[in-house]
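First comes the structure, then the notes that go with it.
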Amino acid sequence: MSRSFPNTRMRRMRAHGWSRAMLRETVLTPADLIWPLFVTDGQVIEEPVASLPGVSRWSVENIAKRAREAVDLGIPCVALFPNTPSESRSDDAAEALNPDNLMCRAIKAVKDACGEDIGVLTDVALDPYTSHGQDGLIDESGYVLNDDTVAVLVDQAIVQAEAGADIVAPSDMMDGRVMAIRMALEMGGHHNTQIMAYAAKFASAFYGPFRDAVGSGDRLKGDKTTYQMDPANGDEALAEIALDIAEGADSVMVKPGLAYLDIIWRARQRFDVPIFAYQVSGEYALIEAGAAAGAGDRDALLMEKLVAFKRAGSAGILTYHAPVAARLLSR
Ligand code: PBG
């Protein structure tokens, strides 16, 4: 008997709430979420980020409170990003290697407050520390130098691991950095420090509010197209992911999120490591702005988008909506 009307009525299974719940294919939980947090120096407790309504930079002390909030909400991991003071930014990003920098103090504060209750993910890239806002060291023409940058990223990752980072996440898109970082971590005795590689990171227009939050936006000259990927390329994304896995990445990331679900799906078919999606700042801001302008119910909009990442095959999602979503999920 063929599957046809009226033997088959697809609506039969949608007719009741219990049936819809029983047949739901994808279930989002707070454990799927990673919460990105911005840290700022000094005594200010909370500094709202204008282009990210509802998101603030927090002092080191308050970052620990946010991490505790994450634990209480069932969120297993926070991602930290520093807004380095202007006077500590330089062409050579030396502050990235200072074991007492804002990032390291924030890592320690979270680990002191929460210990094993939460994972701390740290961004490995130089943009919050360079005077020019690029993710690496530049030559006279402004070109970002690959191998010279990798040497600094390795030291940066070690400094973060020594401060207590559980997952180092290179977001710089230099070639060969995952292998170099893995080797240095092994040699430094950090065998259990994970690497989540921003493997397929696109040169995106959706990063604007993040650059405001870490203070690199106004400094940035030019763009990042000589290292981040062309949004038109899917096969190349798979090649990037394959390389990072071969170099020792424990998990990989696709970034931004919603416009790149096909990359997540394709990577999921081909590789056996966990794939994370980063729903980036511009995506968050669009949902907030859209809801404020009457485009839809904010909570419904954001939950629909988050479940889509999981349906597409991601193991988890970095999202600024993490605390809001976790609260909605625990209702
Ligand atoms: C820095 C970095 C960026 C983001 C995460 N790490 C910005 C960039 O590459 O310019 C963007 C995150 C977001 O927009 O939420 N290497």
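Cβ coordinates come from backbone N, Cα and C, glycine included.
Quick look at what TrEMBL lists:
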ACT_SITE  Lys201  active site, schiff-base intermediate with substrate
ACT_SITE  Lys255  active site, schiff-base intermediate with substrate
BINDING   Glu240  Mg(2+) binding site
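In this structure, Glu240 (Mg(2+) binding site) is part of a helix by DSSP. If you draw a 10 Å sphere around the CB of Lys255 (active site, schiff-base intermediate with substrate), it holds 23 other CB atoms from the protein chains shown.
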